[in-house]
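As given in Swiss-Prot:
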type     : residues : note
COILED   : 37-109   : coiled coil
REGION   : 99-123   : region 'Disordered'
COMPBIAS : 109-123  : compositional bias 'Basic and acidic residues'
REGION   : 181-270  : region 'Disordered'
REGION   : 311-362  : region 'Disordered'
COMPBIAS : 337-346  : compositional bias 'Polar residues'
REGION   : 400-459  : region 'Disordered'
REPEAT   : 495-534  : repeat 'WD 1'
REPEAT   : 610-649  : repeat 'WD 3'
REPEAT   : 709-748  : repeat 'WD 4'
REPEAT   : 751-790  : repeat 'WD 5'
REPEAT   : 797-827  : repeat 'WD 6'
Amino acid sequence: MDNQNNNNALANGDSQFTMPKVIDYLQNEWLKFEVDRAHWISEKAELTNRILKLESERKLFESHKFDLCRRVKMLEYALQQERLKNNSLLQQQQKVIEKVEEEEEEDDKIPKNREPPKKSKDNTTRLIIRKYLREMGYNDLIVSKSLQTEFENDSQNIDNDTTNTIDDTNDTTVKTILNLKDINNNNSNNNNKNQTTTTTTTSPSPSPSPSTSTSTSTSSNKTDNTTTTTTNGNGYNSNTIISPPSSSSSSSSSSSSSSSQSQPQPQLQSSLSELINNTTDLSQSLDSLSSASSGYEYDSLLDNLKQLDNSSVSSNSGNNSINSSSDSLDTSKQSQEDPNNVTISKQQQQEQQQQQESDEQSFNSFNEDIFNKLTANSKGRMKIKGLGNLKNYKKEHMGEEGNLSLPDQNTEEKSTPTTKSSSSSSSSSTGSTRKKKSSSSSSSGSSSSNSNTMNSELMGLGASDLNDITLDDGSKGGNDSAAPRVWKFKHSLKSHFDGVRSIQFHPNEPIMISASEDNSIKVWNLNHLVPTKKSPSPEIEPLYTIRGHTGPVFTSEWNQINGEYSNYQSFFSAGYDMIIRQWSLPSSDIDSYLQHGKILPYLEKEFIGGHQDGIWDLLSIPNTPNLLSSSADGTVSLWNTTTSEQLYTLQHSNGLSYIPTSIALPATENNRKLLTSYNDGSILLFDLETQQIISQLKQGSSNNNNNNNNNSQINKIVSHPFMPLAMTGSEDHKIEFFDLNSNTVVHSMIAHSNSISSLTIDPSGLYIASCAHDSSIRFWDISSKTCIQDLNSHRPKYDESIHCIKYHPNKGYFASGGADSVIRILN
């Protein structure tokens, strides 16, 4: 019995520990050990890396410390050297200053026994000149007191002959000074009389005073060496050169020189006063011209030019009257001597008048040329087209002299002579003023004549001709203004690490956001794309990188709760992690380098629990706090963004196996209907108020369960911003146009050589752009359904190329995001 019990126990023990169980147990334990070992190895590697990093940082800090110590020592040494240099320089400067002070003290000391200057002819002549100047009253200005005391002893030792000559010259200088006072008084009276006579009448000039005439005649008859005078154009002596005095003719020469010096003074004073008056008049006219030119008006500018011309004419007439009076004095004198000089002076006056008139005419013609050039070469000048036989119309209404026969010109011509006669009677020189005023009136009338001819030409046209008139800007070069825009590549943004799935432009601010498969959202500043001198195509970094999703981000959308551009201060994003997140928009003024490594609280809300699979598309309903989302779980959900609640869900009539790929709101339905495209190629129109299917625009294919072989899947659906028109891009390379009123297909065309991934409509509603996985972007005219431009963009990656495209709503930007993780900006 005992043996049997032992055998049963062994059998039971063998049944518990069988060979396979033991092997499984050992394998499991071995796997656990290997996993732990792998963890240990990874932790060891991390620790070794950390140790290496800390050691490298320690070495780096030591090198920095050593470098800083070297710099401190170098600066201390340099400071010591500078101090030594400054001390040595200060000592040298003190020594130099002491030497200079000693030299100045030695120079100031005058020796007691100073030798008098040697006698010579130069000293005697200098002494004579100094005594002349003392007696004439220039002692304080020219002769210094030190020189007077210096030569007192020398003046006592001069010879008797020189003293006699000095006494004679002293007597003559006293006499000349007395004569000068009388002559100045006489000349001042005579000049006052001459000025009054020249301003009132043009009578011949009175004869000069008898004293001056006799003195000049005697001086010229006696000797030519005593005085040499040069006559001015006005008949007065301008410069006198005094020769060394002699005993016989000293008195006559001194009197003539003094009279010649005293005569031009009152004439100079009068000419200076006239010159000041003329300059003040001209400055006033210039001020009025500058104040009037600030308005940039043609008529006011011409009026100011006339005033400037008249003021210059008056100033010139004043100068001409003075010059004519002086010329008449000269001619009266010259006529007594030579009759030929009179004819020469008249010819000179005529030539001067002709030059003045030609200058004024050129001035007025210059003004006309300026305004003609301004009107002819202005960039915004509009040309009239469709006038028909305008040349024949001109020929019929042209006169014999080539001018248009207008009724207003005769009245203007009759009124102008009265103004001319009235103005000419007030002026002294009648001929010149008439010509000036006629030239100014012709220049001012050029603009009015041009406007009158234009009005007459338009008045001669009929209503049918006026209907054909079109305004065109000639600077743009003809009929090319209606041509479509040509997009050119400008910039590429390379900051993402995986394919770019969504792009959104801010309507008002220069901001763009991009969502990528690298689990991030980047915010870009478009102002950084402006080219500079250093780099015409700068590589910019994003303002901020938003991280929060745990998977690829497929879509993004602005928060349009108020529907205004200024309120687009937050946006939504969704993707593979089935969560919709709301983010606040970073400001465009932040510095991307200062914010590097910082985590800022831009996340506002999260919408969790609404979907059971990835979210493909988001759509914000304008002017409402509602958001639509389409998911791979087969539902379209409506969310309240203020409370983060899911209001309801929409699904295909055939079940949840039909996955919505894209959604759009028809602009003509006041945001009450929803277009939804599915992976089987069907399109449904939902009513958002009743949550019911209104109509089915397109039937889906039968093989909807086999999604891998389904070529009819619609990847993008868009709605026209102004018309009841919807457009779709699908896997079968087609773009289809649907009429929302009749719910029928209007047009279908094969647009690309590969599946179409996205569509976008121009803000004007005239063009649509499409992108496909054949690496091409094509722009289409909606009315003619023709391709306008084809661009090759983005490199393919794993049978994918371009994921998304977007127009800027206000500015001339176009962006595309591809599988190569690059955003390309077109302009």
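Each residue, glycine too, has its Cβ placed from N, Cα and C.
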Number of helical, extended and coil residues in the repeat 'WD 4' (709-748), per DSSP: 1 helix, 23 strand, 16 coil
Candidates 610-649, 709-748, 751-790, 797-827; stretch with most C-beta pairs under 8 Å toward the repeat 'WD 1' (495-534): 797-827
Tertiary contacts of the repeat 'WD 3' (610-649), as residues 6+ beyond its ends and Cβ separation under 8 Å: 551, 554-563, 572-578, 580, 582, 655-665, 671, 674, 676, 686, 688, 691
Same-chain residues at least 6 beyond the ends of the repeat 'WD 5' (751-790) whose Cβ lies under 8 Å from its Cβ atoms: 484, 486-487, 711, 715-718, 720-723, 725, 727-735, 737, 796, 799-810, 814, 816
PLDDT averaged over the residues of the repeat 'WD 5' (751-790): 92
